[in-house]
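Asker: Input: one structure, supplied below.
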């Protein structure tokens, strides 16, 4: 009879998990299919994993050749950002594959480097007029504050005198509004429209309308300075992974929705566009975190991130994740089935469910962190987190089985659980205060803490099934781990977690209110605060992380209170 109950529980949970996984991972509608034919233009940076301009590890000619061969039937034109740094062979190789170029010169604060870039751009444009059809002098140099507008204009004029191709400067659209005299200096206006990065982030559902609105706004500004001057949308795209901003949610399906919607708008209005970007750029994670590395139509391994036609799956490898999670779950069940074979059916179901949740959390953590690891150090961190979560999950299952089988608490197990939780909380505090102080490019570490958070909830559920009551003593951390260690640090731990949650809300809200365009749109504090707070509280990832923090803090608050009452 016990073995039949075990089998029934296994079948039930397997079917529930399988149904949920299948339903949650169905391909989704991503909007109108992209028409057959080539895209207008793609941003092209041929840096693969292990190569980075920050470390002066530049792409090899054979890498550029392979990449352009891949892009030849995908796009008419490529946009480059530098004329040096290993990219000198690009025009010749572009000619080989019948690709046109919008070639750029990378400008910064260094006079010598700028001079070298400008000279290389001029030389390349003059030597490859059949390939290089337009040139761009500088990319977001005003946004970064690397030089003033008059110095930039000097470089633009220098290039215009030396080449026959149309010359432009590329920056976020608001920089052309801030410095309208740039409009007179360029042959065509190059603006970046990135709804995700706006000071007031735009959801993917409203991104196409935002694109139309901004182009019209720039057209109106240009009409008063230089009527009829062409406009190139020099960058527009959406990240497939990374941290959420307001209602702008990164994701594979959302990237597909944006790209398809943008192309539809461009075709309808005749906009000239360049999509950012062809390939994911691992090196950008050093500057912009996970989100900065994931704007490509192709992964760093040169695989398509999503199709341009048909439904799109957010997690196409979900069957593998499901299979691995199920295997881990079954191993846990084999270990504990004998210990739990005589408990009630509801207790057995509770334990099996807890083990299933842990296995799913562990596989999700390993898969996501590994996919978003771009260096050996990051992979080492991923491995350490997977090991730590596995160890904590094993301890939690041991404690859960003790509770459900009415076994007494064990000092050694309790000590191990307390140490494990304190280490995870230390990491959670580090992550939280980093997000609160300067979180623009930092991802919310939700996947890294789902096992600790669900562990608290799971042990509370186990104690409730045993005690048939839910009070302060049941919720206290000492009760959860099975031994009272009389720690004086519990209230301090709870305070740090709770204060971190408040600091995160304040920090995220302040970051919105500090944006230049945000201030221009909402000049008064009382006017801007509701908008900024709304963007903060609509962030699903932020709310999930706050839930983790509150869940981790609750047993420590209750622990300190129960000790005071004792």
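Here, residue 1 is simply the first one shown, and the rest follow in order.
Note that Cβ sites are derived from N, Cα and C of the backbone, with glycine treated the same way.
Below are the features I grabbed from TrEMBL:
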- 348-371: transmembrane segment (TRANSMEM)
- 377-397: transmembrane segment (TRANSMEM)
- 418-436: transmembrane segment (TRANSMEM)
- 448-465: transmembrane segment (TRANSMEM)
- 492-513: transmembrane segment (TRANSMEM)
- 542-558: transmembrane segment (TRANSMEM)
Asker: May I ask for the residues of the chain that lie six or more residues beyond the transmembrane segment (348-371) and have a Cβ under 8 Å from a Cβ within it?
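Answerer: Answer is 5-6, 9-10, 12-13, 17, 241, 317, 321, 324-326, 328-329, 332-333, 336, 340, 379, 381-382, 385-386, 389-390, 393, 396-397, 400-401, 404, 447-448, 450-451, 454-455, 458, 461-462, 465.
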Asker: Considering only Cβ pairs within less than 8 angstroms, which of the stretches 418-436, 448-465, 492-513, 542-558 has the most against the transmembrane segment (377-397)?
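Answerer: Per the Cβ under 8 Å count, 448-465.
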Asker: Taking the transmembrane segment (418-436) as the reference, which of 448-465, 492-513, 542-558 gives the largest number of Cβ pairs under 8 angstroms?
Answerer: 492-513
